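Okay, structure first, notes after.
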Amino acid sequence: MGVDGVIGEDDGLRRRGCSCGKDDFLPEESFKSWGNYVQALKETPNRFMNRVLTRSLDSTELHEIKARSQHEMKKNLSWWDLIWFGIGAVIGSGIFVLTGLQAQQVSGPAVVLSFVVSGVSAMLSVFCYTEFAVEIPVAGGSFAYLRVELGDFIAYIAAGNILLEYVIGGAAVARSWTSYFATLCNHDSDDFVIIVHSMPDDYSKLDPIAVVVVCVICVLAVLSTKGSSRFNYIASIIHVIVILFIIIAGFTKADTKNYSTFAPFGVRGIFKSSAVLFFAYVGFDAVSTMAEETKNPARDIPIGLVGSMAITTAAYCLLSVVLCLMQPYPKIDKDAPFSVAFEAVGMSWAKYVVAAGALKGMTTVLLVGAVGQARYLTHIARTHMLPPWLAQIHPKTGTPINATIVMLIATAIIAFFTDLKILADLLSISTLFIFLLVALALIVRRYYVSGETSTTNRIILITCLILILGSSIATATYWGVSENNDWVAYVITMPIWFLATAGIAVFIPQARKPKVWGVPLVPWLPSLSIAINIFLLGSINGASFKRFGIWTCVLLLYYFFFGLHASYDTAKELGENRIGDGWKRVEEGQSVSTVTASGVSLDEAK
């Protein structure tokens, strides 16, 4: 389903109608013949080292990579749009579904502290995303940021998890949509799913309504970004009104006796809930992908991202407090907690208001997710790590139609089969993994600049980063495997983290200052973000890590057989794979230069 304009072999730009030929998907030299492909496979080790050592440039992401879509995305979003996109992207099924399950079985009334911990982690990630989005305002979001600072291969692994995050997140929300729709229609939450007893329990509840909802969202997302913004704006206002109703009406029915046992499952329960409830904050990164369509990124993105996250965190904490004050935590319903809570306190009519508000919220989450995931996929395809057919922008709508449709087809398939709990755990792993990489990339961006950072400072930086990661992983591992409350290991690992972070702050001068907006207290805040994200990963169950490992293996297989060779050929065609002097500079830690036809280096842009 191609749209006008793809790269031609000879004359630069060739027009196509609706075509899905081989050259739309694998136009690179390595795939022109079987002989070329076999030769490319033989060169895999050298090509892999080239991609691992290659770092992109700000200017490359902002101009050359973006130009591969042939048409520009329309700049028509303001900070006001971004705040509502942020609220619409985040406040959805996480608060309306997972809160009940976690309060009842994992953390009790202390679930509010779980939201605080997750919120702090999310806010730290927001700060990191904001600095990158202001300086590299492109549709690629964290994929583009990681290409610039950590290189192509790390960016690719992150990209695969970004796509998994969006597909799983959308599927989870779509299934929750069906549950609340059933409640609104005065049915049990499972009444509208089809149960197939011959299938495994986690995949036996088929959800056709979720598929229909995803299809409707797809139509909205491909028509217009500004139109999607208007719809999201109206729906989010209604959603906020419903949230205010829940908070105010809920407090009128509050019983403080329900808080007499505040943390029945202890500190471990609070952090276990935090890891799962991080799902409730997923979505704000979609706002960063809209930087390319923002009128004034330097002003609008910080206001939009930080503002929407602050509002969301406050709303989550208030909602969780209200829920646990209305009902004793063992009686909280795990599927539709707020609706059942109002029914339990004699306000049965309110459950319809709650269900309608939840549906509005989940609809906006799906819409913003559809907009964001398509822009991620578009930018990844611009690098040819995925087929360039996915990077095409429709000249009339200014939206990435191909990428939007492909992502939402995948979302619909997963939503049709898979249980919400599996989706939530796997989603949290992918998201936390990406966020810790972005925080790591921010430290690298501030303290390492090619040609300016000395060899000694580079060694100190690498050593400190290894110690930060190692101590954080050790802390999370000990937390995950130990069943007691022994704190001896933390007395060792936490000071190592502190001293490693202090080492960066004291011994290495910042090599790059933010041009417009910067994260405060660097390296402390991004280092803390790394530690918290890794710690929360240690609270997720082992089965989810196995699924995460399987997905990573799938990513690597595709990369070594297709993505590596396609991206290598594309970089070679544009002069990015330099040898000789270029390799010497890569080994020194510099970016591989993008050069013009005349041989003029663009390294100054880095």
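Glycine is treated like the rest: Cβ placed from N, Cα and C.
What you are looking at is a predicted structure, and each value in this text was computed from that prediction instead of being measured.
Copied over from TrEMBL, here are the features:
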TRANSMEM  77-98  transmembrane segment
TRANSMEM  110-132  transmembrane segment
TRANSMEM  153-174  transmembrane segment
TRANSMEM  206-224  transmembrane segment
TRANSMEM  271-291  transmembrane segment
TRANSMEM  303-329  transmembrane segment
TRANSMEM  349-377  transmembrane segment
TRANSMEM  398-417  transmembrane segment
TRANSMEM  429-448  transmembrane segment
TRANSMEM  460-481  transmembrane segment
DOMAIN    517-567  domain 'Cationic amino acid transporter C-terminal'
TRANSMEM  521-542  transmembrane segment
TRANSMEM  548-568  transmembrane segment
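Among 77-98, 110-132, 153-174, 271-291, 349-377, 110-132 has the largest number of CB pairs under 8 A with the transmembrane segment (521-542).
When averaged over the domain 'Cationic amino acid transporter C-terminal' (517-567), pLDDT in the model lands at 88. Among the recorded stretches 77-98, 271-291, 349-377, 398-417, 429-448, the one sharing the largest number of Cβ pairs closer than 8 Å with the transmembrane segment (206-224) is 398-417. Sequence-distant neighbours of the transmembrane segment (429-448) (same chain, 6+ residues past either end, Cβ-Cβ under 8 Å): 121, 124-125, 128-129, 131-132, 142, 145-146, 148-150, 154, 158, 161-162, 164-165, 168, 275, 278-279, 282, 285, 457-458, 461, 465, 469, 504, 508-512, 519, 522-523, 526-527, 529-530, 533-534, 536-537, 540, 544-545, 548, 589. Three or more CB pairs closer than 8 A are found between the transmembrane segment (303-329) and the transmembrane segment (77-98), so contact between the two stretches is assigned (pairs 6 or more residues apart). Long-range contacts of the transmembrane segment (548-568) within the same chain: residues 26, 28, 30-31, 37, 40-41, 44, 47-48, 50-51, 152-153, 156-157, 160-161, 164, 383-387, 426, 429-430, 433, 577, each at least 6 residues beyond the stretch ends and with a Cβ under 8 Å from a Cβ of the stretch.
Within the same chain, the transmembrane segment (398-417) stays apart from the transmembrane segment (460-481): fewer than three Cβ pairs sit under 8 Å, each pair at least 6 residues apart. Proximity of the transmembrane segment (349-377) to the transmembrane segment (110-132) is not established, fewer than 3 Cβ-Cβ distances being under 8 Å for residue pairs spaced 6 or more apart. Mapped onto DSSP classes, the domain 'Cationic amino acid transporter C-terminal' (517-567) shows 40 helix, 0 strand, 11 coil. It is 271-291 that, among the stretches 77-98, 271-291, 460-481, forms the most Cβ pairs under 8 Å with the transmembrane segment (110-132).
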